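For reference, the structure is listed below as structure tokens.
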Amino acid sequence: MGKIPIFWEINIQSDFFKDLSSNERAHCRHRMESSKLALLLVILYCVERGLCGSCVVDSFSVKEDFDPKRYAGKWYALQKKDPEGLFLQDNISAEYTIDDDGSMTASSKGRVTLFGFWVVCADMAAQYSVPDPGTPGKMFMNYQGLASYLSSGGDNYWVIDTDYDNYAITYACRTQKDDGSCEDGYALVFSRNPRGLPPAIQRIVRQKQDDICMAGQFQPVLQSGAC
């Protein structure tokens, strides 16, 4: 038997409601609205569960077969998502070098405001290690401020994506929530060119920002040559 035409369905429903009293019609409509609301809540729950699952830090993918030799050289930060506390504010750049033993080191610069009023160009140094050789894009970074008033420490350094010649997106989560999503983290969008990225690459970057659950959280980084 073929599918009932839509206008028949409408007529059937209309005839059905005609045979009911006003109270019965109101009751039926109420039950239908309740069913729609229940269905909507189920859909919203499923969407929420899906979004939460995708924001688990350990589920984020990084650049496959990351090649530090191709990554080496000068990069300029164009966008950033800050962590909690003190962080470089603008004119951020980093130069990566591959040492004789194959390990990667970096020297970086950027302006920072200290004590709420003192704006200085901070010089930093960093050394990178690869905890799992099977995932070279997931590194750990030890960093040191090259002045007594600058902090030192360690963070994850994940290269989420790069084409080596134009752009790179790096990510670090410092603390995680109980559900595995990030409580406090930061990310940077780098470019080989301090003047910006072409539109096609900007679209790729926006997608990657969404992939790490940071869409809409980035702010532009001024590159004025101050450092």
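For all residues, glycine too, the Cβ spot is worked out from N, Cα and C.
TrEMBL entries are annotated by machine, without manual review.
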Among CYS182, CYS213, cysteine joined to CYS55 by disulfide in TrEMBL: CYS213
CYS227 - recorded disulfide partner, TrEMBL, among CYS121, CYS173, CYS182: CYS121
Per TrEMBL, the disulfide partner of CYS182, chosen from CYS52, CYS173: CYS173
Within 10 angstroms of CYS213 (disulfide bond), Cα basis - disulfide-bonded residues out of CYS121, CYS173, CYS182, CYS227: CYS182
Per-residue Cβ crowding (10 Å cut-off), top of disulfide-bonded residues CYS173, CYS213, CYS227: CYS173
Rounded inter-Cα distance in Å - CYS55 (disulfide bond), CYS227 (disulfide bond): 35
Cβ-Cβ neighbours of CYS55 (disulfide bond) (radius 10 Å): 18
